Amino acid sequence: MAKIKIKSAVEVEQMRQAGAIVAWVLQQLAQEIKPGITTLYLDSIADKLIREKGALPVFVGYRGYRHATCLSVNEQVVHGIPGQRVLQVGDIIGVDVGSKINGYCGDTAVTFAVGEISKKAQQLIRTTKEALRAGIKQARVGNHLGDISAAIYRVAKSNGYSVVEDLYGHGIGADLHEEPLVPNFGQPGEGPLLKEGMTLAIEPMLNEGGSKIKTLADGWTVVTQDKGLSCHFEHTILIAGLGPEILTKTN
Ligand code: MF3
Ligand code: CO
Ligand code: CO
C-alpha cells in the first residue's frame, strides 16, 4: 500500500485556494437551483465560474468524465451526469464540484432542496449533514481513520438510515483521489493513524431505504437499488495541529 501523503505548508495553501473556489461555486449554484432549470445549465455555470477563478474543473477528463459537476437527483446517489433533466419541485439534488489550481485539488458536495420538499427529504438532508460534521470532528491528530468512519455510521444508523458501503471518501491533494480510502462505516481506533498535514475528502452517502446501489447504463450514475432517496455531502479537510480545518467551508 502506498503511503498517505503529508502536505507541506505551501501545498496546504494551494489546497485552501482550490477549496475556497469550489465552496464559493456551491454558494453561487445554490442561488440558481429552482424548478424548471436543467442540470446541464447548472453545470455550465459551475464550469464558467471555476475557470473565471483561474482554476480547472478537475472532474473534466477524469476517467473520461466530461463535466465540471456531478448532479445527482433523488434516488441518484452520486456521479449523476448533467443533462436535459428539468428540476421539479420536491426534488433533492446533490451537487458535487471539484477544482484544481496551482496543481492542487478541492472537492466538495452539498445536497439542495428544489423548492419545497417533503419532511422525509428534509430529515435525510439534515442527518447527512450531521454525519459529515460528526466525521470531521474525529479528523484529529492521534485519532485513527476508523474514528471518522464510525462517527458517520453512527449518526446515520441512529437516525434510521443506511449507509452506502460500496463508495468511499478519499485522500486528496495533487490528485483528486489519493490514499487512503475513507469508508463511511468502520471501527473506532482502527485503520491508519491520522497525522498533521493529511488532507481528506470526507463524504457520507446516506439512503432512506437499503444500502445497495447500482450503476446505470451511462456508466456513471449511481442509484439506490430500491429507488429510495439518497443524500451526499462532502468536504475537503486538513488534519491540522489544532484540529480539523475545513478547506471547502462556506461562510
Ligand atoms: N467528486 C467525486 C468524489 O467525490 C468524484 C467525481 S469523479 C467524476 O470523489 F469523474 F465523476 F467527476
Ligand atoms: Co466529490
Ligand atoms: Co470526493
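Quick reminder: no glycine exception, Cβ is built from N, Cα and C everywhere.
In sequence order, Cys70, Ser72, Asp96, Thr215, Trp220, Thr221, Val222 are the residues of the chain that are 6 or more apart from His79 (substrate binding site) and have a CB within less than 8 Å of its CB. Mapped onto three states, the DSSP output places His79 (substrate binding site) in coil. Annotation comment: TrEMBL describes His79, His177 as substrate binding site.
As annotated by TrEMBL, divalent metal cation 1 binding site applies to Asp96, Asp107, Glu234. The secondary structure of Asp107 (divalent metal cation 1 binding site), as reduced to three states from DSSP, is extended strand.
Classification of Glu203 (divalent metal cation 2 binding site) by DSSP places it in coil, neither helical nor stranded. In sequence order, Ala109, Leu132, Tyr168, Gly169, Val182, Asn184, His232, Phe233, Glu234, His235 are the residues near Glu203 (divalent metal cation 2 binding site), counting only same-chain partners six or more apart with C-beta under 8 A. Among the features that TrEMBL reports, divalent metal cation 2 binding site is placed at Asp107, His170, Glu203, Glu234.
Taken from TrEMBL, the feature domain 'Peptidase M24' applies to 13-239.
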Neighbour-count leader, CB within 10 A, binding-site residues: His170, His177: His170
Binding-site residues whose CB lies under 6 angstroms from ligand 3, from Asp96, Asp107, His177, Glu203: Asp107, Glu203
Cβ neighbour count (within 10 Å, all chains shown) around Asp107 (divalent metal cation 1 binding site): 27
Integer Cα-Cα distance in angstrom, His170 (divalent metal cation 2 binding site) to His177 (substrate binding site): 6
Annotated binding-site residues His79, His170, His177, filtered by Cβ under 6 Å to ligand 2: none
